[in-house]
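Engineer: I'd like to ask you about the structure that follows.
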2 protein chains.
Amino acid sequence: MAGRHSRSLTGSKVRQMHRHANLRPNMDRLWSTLARSAEIGTTARGGLRRLALTAEDGEVRRVFQRWCEEAGCQLTVDGIGNMFAVRPGQEADGKVVLVGSHLDTQIKGGRFDGILGVLAGLEVIRTLNDHGIETRLPVAVVNWTNEEGARFEPPMIGSAIFTGDKSLDFALSRTDKDGITLGAALDAISFRGTGGLRPDQCDSLFELHIEQGPRLDAAKIQLGVVTGAFAVRGFVVEVIGETGHVGPTPMPDRHNALVGAAHVTLAIEEIGWELHPTGGKSTTMRLVAEPNLLGILPDRVEMTCDMRHPDNAVVSQALERFIARLPELEAKSRCKIRLHEGWSYGGMAFDRDRVGLVRGAAEALGYTHMDMLTEAGHDAMHVANHLPTAMIFTPCEGGLSHNELENVTLADIEPGVNVLLQAVLARAA
Amino acid sequence: MAGRHSRSLTGSKVRQMHRHANLRPNMDRLWSTLARSAEIGTTARGGLRRLALTAEDGEVRRVFQRWCEEAGCQLTVDGIGNMFAVRPGQEADGKVVLVGSHLDTQIKGGRFDGILGVLAGLEVIRTLNDHGIETRLPVAVVNWTNEEGARFEPPMIGSAIFTGDKSLDFALSRTDKDGITLGAALDAISFRGTGGLRPDQCDSLFELHIEQGPRLDAAKIQLGVVTGAFAVRGFVVEVIGETGHVGPTPMPDRHNALVGAAHVTLAIEEIGWELHPTGGKSTTMRLVAEPNLLGILPDRVEMTCDMRHPDNAVVSQALERFIARLPELEAKSRCKIRLHEGWSYGGMAFDRDRVGLVRGAAEALGYTHMDMLTEAGHDAMHVANHLPTAMIFTPCEGGLSHNELENVTLADIEPGVNVLLQAVLARAA
C-alpha cells in the first residue's frame, strides 16, 4: 500500500518497515512521560510556562537526559544547547535518523506543543530497546533550543544554528526582556555544549507535532501527513505620531499613534478575511505604545504582524495590497506609518520520499489521514532545506494551542506515534 | 478698571493692588532660575525627565529649597512631600496666600509645565524682598508632589492630600512600575515631612501655568484668565479575547483582543470628533496587550481613555453613547469589552472673586486676555473645592506640551507673571 506513494529508491525501506510492521509503542509509558513533563513549570490553569533556558527548562532537560541515558543513548549537546540523544546503529558511519521537536513552551503554553514530538521520539527508542531491535542507521532524539521564541527572538533559533542559517555568535548574543543573553542563560543551566550533530551526519528528520489548528479534530481524521508549510511573511509596523497633552490639544491638531495603530490593525484584519476563503490569514499579534502614559498623546507604536497563506505568491500580493493602503491609513490617522523589514519562512514542500513514508505508514496501519500544510512555524522547516524531512500532525482538542488549555487524549496521539515509529524504521531499520 | 469685574468685597484689595501697581518682577532673574531648573534631568532633545521623587526631583527640590531660604522664607514640608516656602506677613494669624504649581515632569516633558508656576511664585517673593514690601498676609510658594502622575498614579496626588480628598496611607502605598512605594521614594530623597499647611490656614491659591494648548499662541493673546475647568471622565476599557496560535487558527475562530482594541480606539476617536465642534475631545492614550508575543493571538488588552468637554452633561452623554456602542464593537471583534470604573474631575468654576482679581490685573496692566477653561488637570482644581482659587495661563509655542520641545519665550510669560504678582498683592498686600 505504501508502495503506491513510494519511489523505487525507497522500496527497500518499505520492505524493512514491513519487517517490524507489528511493532507498537508503549502508549501508557509515553503518556506517563508526558505527565512527568507536565509537572515542570505547571501554571495555575494546568498549562506550562517553561521558557527556553530558564530553571524549568533546565529541569526538564535533565529529566530528559536521564531518560535518554537510561535508554542507552549517548547525549551530545551543541553550542546552542540542542540536545541529541543518539542510539547507535549497525553501520559504523551510518547517517543518523533524527526524530524530535522541542521541550520549551510559551509563557502560557500547553503540555503537548513540541513536547509530544520529543517524548514520542524517546518512546520510539524505548520500543526498539524493548524488542532488542538493532537498526542499520543510528536513531537520535533531538530537543531543539528556543523553538518558541517566547524568551529569545527569533523563534526556532536552535535549528537555525544546526543548519547554519544563523551564526552562533548572533544566537548567543540575543537578549531576553531582562537583558540576559542567550549565552548566559545556556551557561546558567549548564547546557552549552561542544558536540552535537551536523546536517551532513544526518539521514532524515521526522517531527511529530500536534496540529495546533482545528482541521483534524473537526473532521475526526486520525493524523495529518504534512506535505509542506504555509508561506509566512512577518513584519514590524511603526506608527509615528506626536506627543501632546491629552487635555488641551484639539482633535485636528492631534497625531495619536494609537489611532494609526487601530487603522493598521483593521486593515491587517481585513486582508486576513480576504485571504480566508483560500486558507490564509493575517494578524496583528503584538503592540507596544510609547510613552503609554496617562495625559499624553502617544507618539510611537510598534506592532508585529504577519500574513500566512499556502501560496507564496498570494501572500506576497497581500503584503503589497497592505503597503498600497499605507498612504490612506496615514491620511486617516494623521500619523506616519513605516513598514520595517521582517522575516519570511515556509512556502516550501517537505521531502517527497520521507512524506511518502509517513503516508505509507498511515495507510499500512489503516489510519484515516489527510495531506496538509503546516501553518505554524516548526524547526522541521529550517531543517527541510538541508536534509530530507517530514512532519506528522496529530489532532488536538478544538485546535487550541499556545494556550494553557491545549489538550489531547491518548487516543488522539496513538496513530501519530505509531506512524512515527514505522517511518523511522523505514529509514533506519 | 478692575472694579468692573470685582465685587464690593474686594474693593479694598483692588486699592491695595494699586498701591504697588508699578511693581514689576525681575524677568531676567526668573529666566535664569528656569534655566537652572532645566539643567536637572535634561534629556537629549532638550526637554526634562524629572519624575516625581526621583534623584532628579530631589535635586531640583534642594535647589528650590536653597533659593527659598535665601529669600527669607521658612520651608515646611508635609507628609506627602508638598513643599511650602512661607514669607511671613504682618498679621500674626493671617491666612496664607498660596502661589505655585509643581516641579516634577513627564517622562519626556518640557521645561515649563508646572515649573513656571513654582519659579514665578519664587520671583513674586524675591520682588517683594527687592522693594522691602511687607504684606499683611503671608505669601507662600508651593511645590505640589507628583502632579504629573508619570511615576505614581493617580496624578495630582499631592494636592489631593492637602485637601483631604485622598488619605495619606493610600498615597504613600502607591507603587511605581518597579514596585517602589511613593513613601519609600519620599524617604529616599528625604522629603517626607511632618509640617505643611492645611486649607483652613490659607486664603487663596494662584497657579500660573503654560496653556498646554494652542489657543493663546494662535490668537496672539497675552494671557488666559482661567474661569474653570473642563469636565473630564477617565476610564479603563478591557478587551477580552482568547489566545491561540497565529498560524493555524482560522479567521472565524479568532478572538484577537487587539482587533477589539482597534474598534474601541476608532469609536473613541469618532466620539472625539463629535465633541470637537463644541470644544470637546476623546482620547485613547494608553494600551497594554497580553501576552503580546510573536505567534500568539492576544487575549487581553487594557486601554486607558478619556473624554473632555466644557459641559459636564455633554461629556456624560458622550460616555453613554460609547457604552451604547459596546455590543456592536464586541460583535465586530468577537471579543468581550468591559468598561471599568474610572475617574471624574473638573467641570467646576474657579472662585469668581479671585478670577476677578486676575482679570482686573490683566486689564490694569493693559494686556490682551481671554477667559478660558483649563482642559488639562491641575492641582488648582483639587484646591478650588477647598479654598478660593484662580489660574492664569500664558501662551506656549504651538500649544505643544508634555513634549520635550515644549517652549515659551520670556515675552510669552512676562504678562502672566506680572498679573500673578498683582493678583497676589491684591490679596496679601
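Each Cβ is built from the backbone N, Cα and C atoms, and glycine gets one as well.
Whatever TrEMBL says is automated annotation, not expert-curated.
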Engineer: For the Zn(2+) 1 site that TrEMBL describes with A:HIS102, A:ASP113, which of these is also annotated: A:HIS20, A:HIS131, A:HIS209?
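Structural biologist: So, going by the record in TrEMBL, that would be A:HIS209.
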Engineer: Name the residue, out of A:HIS386, A:HIS402, that TrEMBL lists for the same Zn(2+) 2 site as A:ASP113, A:GLU148, please.
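Structural biologist: Among the candidates, TrEMBL records only A:HIS402 at this Zn(2+) 2 site.
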Engineer: For A:ASP113 (Zn(2+) 1 binding site) and A:GLU148 (Zn(2+) 2 binding site), what Cα-Cα distance in Å is obtained after rounding to a whole number?
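Structural biologist: With the alpha carbons as reference points, the distance is 10 Å.
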Engineer: Can you name the residues of this chain that are 6 or more positions from A:HIS402 (Zn(2+) 2 binding site) yet have a C-beta less than 8 Å from its C-beta?
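Structural biologist: Non-local contacts for A:HIS402 (Zn(2+) 2 binding site): A:GLN106, A:LYS108, A:GLY109, A:GLY110, A:ASP113, A:GLN212.
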Engineer: Pop the Cα-Cα gap between A:HIS209 (Zn(2+) 1 binding site) and A:GLU148 (Zn(2+) 2 binding site) into the table, whole Å please.
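Structural biologist: Here the two Cα atoms are 13 Å apart.
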